[in-house]
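K.L.:
Have a look at this one before I ask anything.
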Ligand SMILES: C[S@@+](CC[C@H](N)C(=O)[O-])C[C@H]1O[C@@H](n2cnc3c(N)ncnc32)[C@H](O)[C@@H]1O
């Protein structure tokens, strides 16, 4: 198995985490392990790393790929980060730094285990569950939700201008929509040509379905709050987001903590990838890093 995901804003994140070798760090979004392994390298045997991912395939990959590096001070847990508190109970010390690198990994997009995260994987079913134990797939949403609710979903979570038209067309053709390709072709038919920029017109619809299937925004809100409460004094919370809905939640949450005098904002200017990083890893283009330090 090869490593597919290139960690985004890696050196910036490591700098902001300000790792002390005996400290306790949590990577809430393990993915291909790119950030975790660099944190681990900076720890002494007394330091601790807890890495979490809700996708069992990410856990399986990292345990195999990094089998030589697995160590007593590195715990890897298959869990949603909204339940981070339950994993941390057994640790005697409070975390000095917590990282969230949100969204999907390149592995999930390219080797999805037939879950249809990417609008480019035409033959895959419309599943989109990062945690395969979740009950509702993307196709279930298309079937179960009435047209009006589907339209609201595309508008609210995809900021899709043609949400009404797309929802109507989906409900009229629902028996023929089973795969990624079925949905992307329908969106292509429905969205006026002028709206079809160089980016795939289905991307907003896919983002909206994925957010709802995985309850991403609620998990983020809960995960942020639990993470901040768990942090040690002077501990840092670093969050990398990839779209405006996530970023707004992070920004508002951080601003409230700063206003209430509970935290200091370390990223007065948002940290974004350099042109060089975007050139070598185009998927990093929309990344934004925000960091606070607990008082
Ligand atoms: C962008 S990738 C992280 C990549 C990783 N930093 C690396 O360098 O390889 C995001 C990962 O977070 C996981 N994830 C997303 N939301 C999650 C949540 N609420 N709880 C746990 N894991 C989550 C996804 O399954 C995915 O593997």
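Every residue gets a Cβ built from N, Cα and C, even glycine.
Pulled these features from TrEMBL for this protein:
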BINDING   33, 34, 35, 53, 81, 101, 108  S-adenosyl-L-methionine binding site
K.L.:
Using a Cβ cut-off under 8 Å and a sequence separation of 6 or more, which residues in the same chain sit near residue 35 (S-adenosyl-L-methionine binding site)?
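P.N.:
Long-range Cβ contacts: 7, 10, 13, 14, 27, 99, 101.
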K.L.:
Please classify the secondary structure at residue 33 (S-adenosyl-L-methionine binding site) using three-state DSSP.
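P.N.:
Residue 33 (S-adenosyl-L-methionine binding site) sits in coil per DSSP, no helix or strand.
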K.L.:
Could you tell me which of these binding-site residues, 53, 81, has the fewest other Cβ atoms within 10 Å of its Cβ?
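P.N.:
Comparing Cβ neighbour counts within 10 Å for the binding-site residues 53, 81 gives 81.
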K.L.:
Checking the spread of the S-adenosyl-L-methionine site as listed (33, 34, 35, 53, 81, 101, 108): what is the longest Cα-Cα distance, in whole Å?
P.N.:
18
K.L.:
Could you work out which of the binding-site residues (33, 34) has its C-beta surrounded by the smallest number of other C-beta atoms within 10 A?
P.N.:
34
